[in-house]
Amino acid sequence: MAACRLCCLCPCLRPLGCGPLGRPGRNRALSYLQMRALWSSTGSRAVTVDLGHRKLEISSGKLARFADGCAVIQSGDTAVMVTAVSKTKASPSQFMPLVVDYRQKAAAAGRIPTNYLRREIGSSDREVLTSRVIDRSIRPLFPAGYFYDTQVLCNLLAVDGINEPDILAVNGASVALSLSDIPWNGPVGAVRIGMIDGECVVNPTRREMSSSTLNLVVAGAPKSQIVMLEASAENILQQDFCHAIKVGVKYTQQIIQGIQQLVKEIGVAKRTPQKIFTPSAEIVKYTKIIAMEKLYAVFTDYEHDKVSRDEAVNKIRLDTEEHLKEKFPEVDQFEIIESFNIVAKEVFRSIILNEYKRCDGRDLTSLRNISCEVDMFKTLHGSALFQRGQTQVLCTVTFDSLESSIKSDQIITAINGVKDKNFMLHYEFPPYATNETGKVTGVNRRELGHGALAEKALCPVIPKDFPFTIRVTSEVLESNGSSSMASACGGSLALMDAGVPISSAVAGVAVGLVTKTNPEKGEIEDYRLLTDILGIEDYNGDMDFKIAGTNKGITALQADIKLPGVPIKIIMEAIQQASVAKKEILQIMNKTISKPRASRKENGPVVETVKVPLSKRAKFVGPGGYHLKKLQAETGVTISQVDEETFSIFAPTPTAMHEARDFITEICRDDQEQQLEFGAVYTATITEIRDTGVMVKLYPNMTAVLLHNSQLDQRKIKHPTALGLEVGQEIQVKYFGRDPADGRMRLSRKVLQSPATTALKTLNDRSSIVMGEPVSQSSNSNP
């Protein structure tokens, strides 16, 4: 049976091979499904790509056959299924409506979700970040003007805890799109490169990654071109980084060849879209006549800032659109808008390519004016304001106890290997940063991605044994390009202001790219690299290449490329140009603060450890943790147990620590403890009667201890009342020291009933030791 593509539940079902249904477009849909069913009946197709000591298995044709494209990528026992579907009706949006969702299923790790509903809810940070990597790898290869809703879903089928699934998902998206009829100029291949003992490792295992100084993801296109880069590193040298990129590109070509082989075997025909949303040459030509000179005047007026330039361009836009509507009354509104965008972009880029000048008057390698300020607010643990041109970022540092670190549940640990972390950076981009209005609730994907990049930049310089959880917040107050790298700079300043002993200061910069392409060959003929790009240069350019690091090396990198591929040569030049700019920025930052404060601020938190002997642990904790809860409620401290006798105390202020110290001294004070002598007999007072025994005290300020039923009498009893014992009654007990396992006091009344000479001691007079005859205690009388 076959159904139309719009709905597999359509009631109009016909056996394959039957006559037409008499509906427009039905014959085409039926033949499409017939072809797909015939292909799938032959079984799935698969290829294996050898990546040195790793193998990548690519298969299709067995699962999700109604989707436009589907692929299963497997490495070891980790498998990811990726589907790609695109509508045949154009979207009303004026951009490429691509949605990528990567989902990690608990079942893939053999687990059940731990939330209340016991099912997957929402997307984790890791899922969002992986989705962004996939999106940035495949988006540049869609044809210009293809405005059709397209969805790529990545479903984790199985994870073995050895091979990482995110790289498989990127390759799976490439295969699914390549095998579909969706217009896409792929394929791409992706690998992860690690560096262990100076050697590059392709697609390292989770254990290998734990000892790697580099985590580099490379997405490559045919002809050894680069589509996407993302990396975090332990401050590795520039030459090592460049070598790792070249190794990654080499192995991406092997994956691309495997995908191309599979596509050739299956024989894929791409669909012809109903319409590609690009304006006609006639409209573009007329737009140039109207607006080109005006735009040139605006883009070469170096007195403009972001606001005034945008206002001038918008004024030209409105005037141009009015003329175009009069000249072409029947043309779609989108074509009019897009024609102006094309002309504005062309003028902007030609000034850079031909005159080596930028719209703010800088040359290609100059930085914007930079100013730094630290210790903005005295009550904060650390703060800094970083201003670069019209991009302004306020960063703060907050310390808390290690109990406040980000905890990973069993499922996340099983799938990603992510453990607790005590350093985090949260990035906020409020609407007012660009003079707009909008919602400020929640964190969107862009904020999450920018914050993760800045966190990667700073994480390698944070000491591993720092006794606090560190939270850096970065709030963008003004934005005109490269706010994520400004966050890395501001975060570094704030950490030093807070007294965090970072190994080195960190700075970041964004490098842009403007190219001139041969229309016949599709190759780059000429290009310009721009240091420290503006927002308008990012919008009209071909690449946003962000790099961060110290004076010594690189800690983070991210390349967002709009072209279907960039040669390695350009990437290498961008890294070199960014490294020079990074050192210039560090010199400016060092003028404000060059090293961390020698000590944290006076109002900062304090961490101390206290030793509590096993004998006093019960008193320190209290019944049901009463003393600890009271201590934390009254002083605001956080207490965590390090080992059997050691407790770590975090206090938000030195005053709180002083109060906590006095509280602990008071509850643990026991000035008569040392008088107890092993084997001596003491008079104890019953304070409570329980089913299991009686609670007794040997002296007034002592914590009551349990005298078990088995130690009350030679006879076996089930309840203390059988012996006539009452609260307030005094009995004689023999002291046998403390249990070495839990520190509890060991007392016995039973042994005193045996005929033996005993020494009766009193705690009221230290010198009094009464030697007596064998003690005989009545079960129903006071001793």
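Cβ atoms here come from the backbone N, Cα and C positions, even for glycine.
Fair warning: this is a prediction, and the values are worked out from it, not measured in the lab.
When LYS62, LYS250, LYS419, LYS611 are compared with the annotations in Swiss-Prot, the one labelled N6-acetyllysine turns out to be LYS250. According to Swiss-Prot, the listed position annotated as N6-succinyllysine out of LYS464, LYS552, LYS562, LYS569 is LYS552. Remark: of the modified residues LYS250, LYS264, the most isolated position is LYS264 (fewest other Cβ atoms within 10 Å of its Cβ). Around the Cβ of LYS285 (N6-acetyllysine), the number of neighbouring Cβ atoms within 10 Å comes to 11.
Cα-Cα distance from LYS552 (N6-succinyllysine) to LYS250 (N6-acetyllysine): 27 Å (rounded to the nearest whole number). As a summary of secondary structure, the domain 'S1 motif' (679-750) carries 8 helix, 31 strand, 33 coil according to DSSP.
For LYS285 (N6-acetyllysine) paired with LYS250 (N6-acetyllysine), the C-alpha to C-alpha distance reads 42 Å. Regional average pLDDT for the domain 'S1 motif' (679-750) in the model is 87.
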